[in-house]
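A.B. asks: Before we start, here is the structure in question, set down as structure tokens.
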Amino acid sequence: MEYFVSALTQVVQPLNLAVILLGTIVGILAGAMPGLSSIMALTIVTPFTFSLGGNSGILMLLGVFCGAIYGGSITAILINTPGTANSAATCLDGYPMSRHSPGRALAISTMASTFGGLFSAFALFFTAPMLAKVALNFGAPEYFALGIFGLSIVTGISSKSVFKGIIGAIIGLALATVGIDVISGQPRFAFGSVYLMGGIAYIPLLIGVYAFAQGLTLIEEKVTEKAKKDIKLERILPTWADIKKTSPTILGCSVIGTIIGAIPGTGGDIASWLGYTQAKRFAKDSSQFGKGDPRGIAAPESANNAVSGGALIPLLTLGIPGDAGSAVMLGALMMQGIIPSPLLFENQPVQVYIIIFGLIAANICMGLLGFGGIRIFSKISGVPKEILTPIIFVFCCVGTFCMNHNVYDIFFMLIAGAVGYFLIKLDFAMPPVILGLILGPTIEKNLQKALVLSDGSFSIFFTHPISCVLIVIAVVSLMLPLITYFVKKKRGKNEEAAAE
């Protein structure tokens, strides 16, 4: 009980509430900018949080994390352009409703987003400690298998090609080997550079491959035209009729989003589409879906916002990020000296509940800001790309330099951004690269420990039930998409041959 009181006391301090509010505002603004994303917002803000101190910095990131997911719905509803991929499904009914009732559409979205986020935060509160107790029995073989299982989610976070996702993960693992070997003490792949002796700088790499590379892609796109007419919004709360009609949908899709978020390799985009299709399937009258049905707005928004808390369940208990956004959160927590694992609940229980209560506070702030400041946030959708792109570049450079005050970090970020840009052009997804870099040290360290315990025998990974199960699941997760690909390819050839 004292852990709860101590954590809650710290979260409700004026400074911490202020940074949560600021982070939520930044997240909403970033989410409402077409071309940006929650990941970009997190990577740009992360370096600035180090100057705030551990708890305040983490709480600010939680605000950004929640706000960016919600912010994408604003442009999805008003101009039929999702600010983030998570809000793509919201366009289907949000935009048709906004043509005659924009305030109503945004009110439903805000209500559903807030409920979904709070539902998943309370799910995190009740389930994470129980899962952590089970995971306390993990040893080196289990942690190695867990790392391999974490890598297997590249099949879920690879945008188009599973092969390229696997290659990206291998690139990340290779980058993780740069620096001094913790066992032998010998430098690896440093090429005589003192800068590389400490390993690959995580934050500059993250900012480069996500934010800077995305900024380069924005340069190629057509300049955004200013809206020809101002969107007039009435400031309203959802009507009782809308609340009554959407409540079952919001509750059901919040459950879906939380479960999807807790499964590594998924994300808000999957949850939103799954929530939308399930809401449409179980609706008594689905004829208005796609024409402005309030359930068509409530379903994807409650589902994708519920992912935030769900994704933190495997992150805090196992150290495995549930999606790309929580992967960035993992890096930020590690930079603050917080190592997510089952031991976190034993060694730093107050820190865990600060994160959980911070997530609850961030969702409450998101709801208050959503209902009170929609008119202001909607203006961001009209920012031209010729203004937005230089701002991104400036924040990338300033944010990178602020971390260590090292100009070499900027050079490394620029190189990473250029490489990331070409990888994006070649249809490589960035999350597998980042995942490989994050999980690489865990896999290598526990592989070495396990082999020492077994005198070099790999059988230790299969004689421990948990590690054996995790490795089997990982292999199946990797092989299933490949088998499906070859089956479809062979079936296509057979159909072509039959047609001839």
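Counting begins at 1 with the first residue displayed.
Cβ atoms are placed via backbone N, Cα and C, with glycine included.
Reproduced below are the annotations present in TrEMBL:
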type	residues	note
DOMAIN	17-435	domain 'DUF112'
TRANSMEM	20-45	transmembrane segment
TRANSMEM	57-79	transmembrane segment
TRANSMEM	105-131	transmembrane segment
TRANSMEM	143-159	transmembrane segment
TRANSMEM	165-183	transmembrane segment
TRANSMEM	195-213	transmembrane segment
TRANSMEM	352-375	transmembrane segment
TRANSMEM	387-403	transmembrane segment
TRANSMEM	410-438	transmembrane segment
TRANSMEM	458-483	transmembrane segment
A.B. asks: Would you call the transmembrane segment (387-403) and the transmembrane segment (20-45) in contact, using three or more Cβ pairs under 8 Å, pairs 6 or more apart in sequence?
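C.D. replies: Per Cβ check, the transmembrane segment (387-403) touches the transmembrane segment (20-45).
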A.B. asks: For the transmembrane segment (57-79), find every same-chain residue at least 6 residues outside the stretch whose CB is under 8 Å from a CB in it, and list them.
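C.D. replies: Here the qualifying positions are 11, 16, 19-34, 37-38, 41-42, 45-46, 49-51, 85-88, 90-91, 94-95, 97-98, 102, 105-106, 109-110, 113, 117, 227, 231, 268, 297, 301, 304-305, 307-308, 325, 329, 332-333, 336, 338, 354-355, 358-359, 361-363, 365-366, 369-370, 374, 377-378, 380-381.
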A.B. asks: What residues elsewhere in the chain lie close to the transmembrane segment (352-375), defined as a C-beta under 8 angstroms and at least 6 residues from its ends?
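C.D. replies: Same-chain contacts beyond the flanks: 3-4, 6-8, 10-12, 16-17, 20-21, 23-25, 27-28, 55, 58-59, 62-63, 65-67, 70, 74, 103, 106-107, 109-111, 113-114, 117-118, 121-122, 124-125, 128, 233, 235, 237, 305, 308-309, 312, 316, 344-345.
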A.B. asks: For the transmembrane segment (410-438), give me same-chain residues lying six or more residues beyond its boundaries with a C-beta closer than 8 angstroms to one of its C-beta atoms, as numbers and ranges.
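C.D. replies: Distant Cβ neighbours of the transmembrane segment (410-438) are 150-151, 153-154, 157-161, 164-176, 195, 200-202, 204-217, 321, 324, 327-328, 330-331, 396-397, 400-401.
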A.B. asks: I'd like to know the mean pLDDT over the domain 'DUF112' (17-435).
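C.D. replies: Across the domain 'DUF112' (17-435), the average pLDDT comes out at 80.
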